[in-house]
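J.: Per TrEMBL, the features are:
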TRANSMEM  12-29  transmembrane segment
TRANSMEM  56-78  transmembrane segment
TRANSMEM  90-111  transmembrane segment
TRANSMEM  117-137  transmembrane segment
TRANSMEM  190-212  transmembrane segment
TRANSMEM  232-255  transmembrane segment
TRANSMEM  276-302  transmembrane segment
TRANSMEM  308-326  transmembrane segment
TRANSMEM  352-371  transmembrane segment
TRANSMEM  422-444  transmembrane segment
TRANSMEM  685-708  transmembrane segment
TRANSMEM  775-801  transmembrane segment
Amino acid sequence: MQKRMDRISMAAGYGMLIIAVFLKIIGGVNQRFSLVEVWIRSLISGNFLHFWQTEFSSGIGVLVGTGAFLLLLLAYVFDSLLITCHRKNVLLQSAKVAWLYFTMFFYFIFIQFYSSSIWLVLLLIIGALEFLLNRYLDDKIERDRKYAESQKIEKHYNEDRKRRLAFPGKYPPAFHQIIRKNFRFYRKNYFLLIFANTLVFFALVILFFAYQKFSASHTQETVFNKTGLLRILIESGGVLLILLLLFLSFMDGLYIDFKAKHMELFIQLGIRKKTFLIMLIEEFSLCAFAGVVFGGSLGLLITRAFTSIGWALLFYTGLIILAMAFHQEKILRLIQFKPREQTKADRPNHRLSPVFLLIGLLALAVTFWWFHRRKSAETLLVISTLIIALWGLFLGIGGFYVKRRREKITLLLSRNDLFYRFHKSINVLMLVSLLQVLIAGIFLPRVVTFQQTAVDNLFPYDVVAKVKSTEFQQVETSLNQEKALWKSYPFFPVTSVDGDPEWEVFGTVRPVMFIQGQHIGVSETTYQQLRQANDLEKQPLHLKKGQWHVVYQQAISIRGQPIDWDPQSVRPRLRIGTPLESYNTTNVDVIFPMRTIKSQERLILTGMFQRGLQENILVVADEEFATLSKKDQPNQLFLIHGDKKIAHALNFLNQKYVDDKRWDDTIEPVYEKTQRKSNVVSENYLQVLLLIFTIVICIFMSVGLIVAKFESEETRLIERRRLLDQLGMRQKEQRSVLERQVGFFTVLPLAVGFLLSLGFIGIMGRLRFFSMSEWLQFGGIFLLDFGIYLFVWGTIASLIYRRIEKWR
């Protein structure tokens, strides 16, 4: 067997060498090269880097990419030579396999490097085949022996099962009666699953109804772009879908565990495997269908329309399939009539507690850093690292707690969930704490910022027009004819290299990005005039040449955003001028130089027309603006007070500047207050509705998780109370133990959520440039809202305790 493996390794190594020497699989600008040839030519060219930059459009990218393959080739060829000489190097073979993995990863992640050299994949295919064949032959003898033994065991098991399950004829009436009584007796478990499905379907119906309802009052051209309702739906609704999936998966897991626990009864009654499978499908389908009926009925009472049912049903089906996919191993064990694994004391691994704690702290640090990063814009993707952080912290701290806190009997009783069912309890605590962090740290603070927002203050002017110098006289004449009140200010268009938060796919060459951000560049003097026009005090900036000041024109409810979204730059890349359809991206440092931002603020000076993504104010020093004015005549920014007729009078600008919309069709030369205000109102209402609805759903999911946890352990809790009665513990003491036990799962997640939420709130305020007065206003509203939430949560905890206390 070893000789066969050596032959395979030699064939792979020499085969790679033949391909690398004779096949011209690397495409250059003027000709094609083989892997060995291109490296030999570059080394003897006299100018190594110049050769790669002139012969290949991707330049250094091809150098790095082919270099990885060259090292892979050398490893395989050298290993083949050693085998030919009847020698082996274990370290070389391990390094060869590790580098094969790395090269595969590098190839498929950075496929742009190999757009003209795609046939390099032949080397990867040969390496992968050699690895798989050798691994197969390496343990074939041992595997064959184990397989023969397993076949004997399986044959004996199948014969025994066939004998046990061979029940000919029909089931007697008593059998059906037992099944029906069993179903009614354990109806609580089915009610929990129906509740979960109802909640999920109801949430989906309301989610899609809200989007359809608000899109009717929104301008159609902004429904499907980055500033429209679709993005709000994706951001807020996406988080809700993830939470619903986690909740549904947990509840499905409880249902499967319940069926596995009571499966032995049906086996003893002589149920057939096919019948048991049909019964499972019927029960689960019934609960899912009941969720559609009840959830749809509740949704129809609110929406009074069937328009959102179709999309809700589609996503509901997908969530059910995904949730069940998490439990495929349990499901297979269940339908194969395999006996349930015996329940053992589930205790933590104390040796791994420090490791889990370290992982949790690192993940928490990454979470706050990611949330604080301005180019991440308070992203909700931090939920992924937050889950890891909570998982590590609870496992680590819980492990230390269980190891050291064993000095009191009452503590052992009230914390029995940790001492005996550690991982199940940790999972419940982690999920409930995650929901509490999301409520108190992300969703509720955003609701508060919407409560602080006054839409009328976002649009200080009825019409805002950006006019080029050639149309200045015509616009001035039209405004005078309409008897409008107006002022004009000089400005230069400023463009950022990347103007939207969409992720860009980078190869070896920087692409021309669409959309490029379009902003308004003014002098410091104009900035002070704009402040005075809005009844604001002067704020000297003391800008020097090369220093910029950024004014984000957005409401306090809009998340913090950068002025430039370029992922490859530390500082923003800004050019004075309009966007470019094409440019030499290798010369980006000259075309879009990185600017020094001295200061930033959030302030409405002309109006919030792009939710802070674009149309922001960029302030430069007067000296720098004067220098620019000598080169080109600045455009004029018209700020107008008047009625709707003014916007109609300036419609000719839309036709005149129609070519400018090819860069970004959301940028307008004329912004009219009425429709923009209506858009913001509909967007804000949708977001507030989604946030409040998400908070309510999170509360229901938290309650569902805690109730399901205690309901699944009802029998054990009753047995423990009987044992405590026999031991002579007073009822008052038993109630005290139960209060601590319930409080552990209701108060601890609330405390964890509040503490972590302080970090998220602080970062949010910093990114959105909260002033002291805004902090005070935010704090007052937040404490009021959080106080209402505490009252609701305390009432829920009391109801949970009262229900469990009645179990006897």
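Every residue gets a Cβ built from N, Cα and C, even glycine.
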J.: Counting only CB pairs under 8 A, let me know which of 308-326, 352-371, 685-708 has the most with the transmembrane segment (422-444).
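T.: So the stretch in question is 685-708.
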J.: Go through the chain and flag residues at least 6 beyond the ends of the transmembrane segment (685-708) whose CB is under 8 A from any CB in it; none is fine as an answer.
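T.: Long-range Cβ neighbours of the transmembrane segment (685-708): 192, 195-196, 199, 203, 206-207, 210-211, 214, 229, 232-233, 236-237, 239-240, 243-244, 247, 250-251, 254, 428, 431-432, 435-436, 438-439, 443-444, 446-447, 450, 557, 745-746, 749, 789, 792-793, 796, 800, 803.
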J.: Residues sitting near the transmembrane segment (352-371): Cβ under 8 Å, six or more positions beyond its termini, same chain?
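T.: For the transmembrane segment (352-371), the list is 378-379, 381-382, 385-386, 388-400, 403, 756, 759-760, 763.
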J.: Tell me, please, if the transmembrane segment (117-137) and the transmembrane segment (12-29) are in contact, taking contact as 3+ Cβ pairs under 8 Å between residues separated by 6 or more positions?
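T.: Yes, the stretches contact each other.
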J.: For the transmembrane segment (12-29), give me same-chain residues lying six or more residues beyond its boundaries with a C-beta closer than 8 angstroms to one of its C-beta atoms, as numbers and ranges.
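T.: Same-chain contacts beyond the ends: 35-38, 54-57, 62, 66, 69-70, 72-73, 76-81, 83, 116-117, 119-120, 122-123, 126-127, 129-130.
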